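What follows is a set of notes on a single structure, which appears directly below.
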Amino acid sequence: MRWKLNSSVYKRMSSKELTTILNQDIENSAKVTSLQENGNPPWNLSLPHICVATLISFLFGYHVSVVNEPLESISLDLGFAGNTLAEGLVVSTCLGGAFVGCLFSGSLADGIGRRRSFQLSALPMIIGTAISASTNRLEGMLLGRFLVGTGMGLGPPVASLYVAEISPSYVRGTYGSFIQIATCLGIIVALFVGIPVKDAAGWWRMCFWIATAPATLLAICMEFCAESPQWLYKRGRIGEAEAEFERLLGASHVKAAMAELTRSDRGEDGDSIKYSELLYGRHFKVVFIGTTLFALQQLSGINAVFYFSSTVFKSAGVPSSLANICVGFSNLSGSIIAMLLMDKLGRRLLLLGSFIGMAVAMGVQAGAASLHHLSSGTIYLSVGGMLLFVLSFSLGAGPVPGLLLPEIFPNRIRAKAMALCMSVHWVINFFVGLLFLQLLEQLGAELLYSIFATVCVVAAIFVRKNVVETKGKTLQEIEVALLQTQ
């Protein structure tokens, strides 16, 4: 394997520097050849570290859904029953905290490392959950939810980084899908935990206390997990990076992994990047793709479906608790299928098919809404369209962006670029939740669902034109390939 330097680079180098670079190329080529001879690294070495990291995704899903069933009991016990503004704040304060936490996630992940960032994200989730579980006032509940939200905003971007950076390339898609599956499991567990809330007085407090266990487990177990070799290398801690590669890939793959890391890092400025640098220059295109993917994901209407699905199911005579569980299992089923297909079909194909399926499902929803007479056929069409939409989302649009973006972002900008993209996610998530009911009332279901379907079509076109396939490639191979096209 040989790597070529741009002719302008040659002109700026002295003969000594050029000789050094060429010698490094020869050495790196030998190391990568060594990797090919040794075959793929074992998948099981990194698996325990992946499982610990996905606890933050489980917590994310749990806290998103934990107030769904208990909200009525919480409002009665804390004295704000019938106050829709207060009830809305209990839900949306968490989103506000998530936005704040997300803003700092990139700087923290680059400054203190991935492992310490996980532990730091667990701290406000433990404290906030304890405050919410023990409070007797609305103000205490809001403070607790805000603190939990900061952990929710900080943790998931770091999880996407960490999983992408420590996974062997041939199973990175499968391991990346664990994040979505853990989120789905968190949602479902929260729904089941909330079922006794109407029969057991004060059960809502137990719903919160339960969440302290996985958060504590995350903080403790992360102490024994590997640090990201990419982050260590970026900080100049070469020996530690090699040691962590040995833990994650095995001793026979360390030299080749370090050679790949050195190859992608050549020519990069070692200084920390500023957020303003992401908006122009050589990295603008990949950052634009990342932010647009998350924006289209949220504008597709997925969170409107998650937040307000119980209304559609209620019209079909299905209890809200059962409705939420149906949606949760549809989401989980699609995520498991995506996990099995991610490293076979690739990210791009799954993402493209997912958005097309979502467009069709929203078209079915719009068609059902256009039938003004309410019949059993119309109701089942609406329910079927909603479940198809959630299933299609979980096959690609849900899990792929969080996996794909750490893959296409260069090591130098990866943490802050993910933080920027996730910030866009939280802002649009907030406004969709805030405005959906108002838009539904003013525009009508048929037009609103048609707009969501159009967004999904636009997203499919965007993916076809801009998203590259990353299946089976190392992060360094992806980085070098993308830089050569710029």
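A Cβ is built for glycine as well, from the same backbone N, Cα and C atoms used for every other residue.
All annotation found in TrEMBL is predicted automatically rather than curated by experts.
According to TrEMBL, the features are:
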type	residues	note
TRANSMEM	45-65	transmembrane segment
DOMAIN	49-471	domain 'Major facilitator superfamily (MFS) profile'
TRANSMEM	85-106	transmembrane segment
TRANSMEM	142-163	transmembrane segment
TRANSMEM	175-197	transmembrane segment
TRANSMEM	286-309	transmembrane segment
TRANSMEM	321-342	transmembrane segment
TRANSMEM	349-367	transmembrane segment
TRANSMEM	379-405	transmembrane segment
TRANSMEM	417-437	transmembrane segment
TRANSMEM	443-463	transmembrane segment
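Counted over residue pairs separated by six or more positions, the transmembrane segment (142-163) shares fewer than 3 Cβ pairs under 8 angstroms with the transmembrane segment (321-342), which leaves the two as not touching. For the transmembrane segment (443-463), the partner stretch with the most Cβ pairs below 8 Å, chosen from 85-106, 286-309, 321-342, 379-405, 417-437, is 286-309. Counting C-beta pairs under 8 angstroms (sequence separation of 6 or more), the transmembrane segment (379-405) reaches the transmembrane segment (175-197) with 3 or more such pairs.
In this chain, the transmembrane segment (45-65) does not touch the transmembrane segment (417-437); fewer than three CB pairs sit within less than 8 A of each other, excluding pairs fewer than 6 residues apart.
Non-local neighbours of the transmembrane segment (349-367) in the same chain are 296, 300-302, 338, 341-342, 381-382, 384-386, 388-389, 391-393, 395-398, 400-401, 404, 445-447, 449-450, 452-454, 456-457, 459-460, 463-464, 467, 469; each lies 6+ residues outside the stretch with a CB under 8 Å from one of its CB atoms. Most Cβ pairs under 8 Å with the transmembrane segment (321-342) belong to 175-197, among the candidate stretches 45-65, 85-106, 175-197, 286-309. Long-range neighbours of the transmembrane segment (175-197) within the same chain, counting only residues 6 or more positions beyond its ends whose Cβ lies under 8 Å from a Cβ of the stretch, are 46-47, 50-51, 54-55, 57-66, 68-70, 73, 156, 159-160, 163-164, 167, 203-204, 206-207, 210, 321, 324-325, 328-329, 331-332, 335-336, 338-339, 342, 394, 398-399, 402-403.
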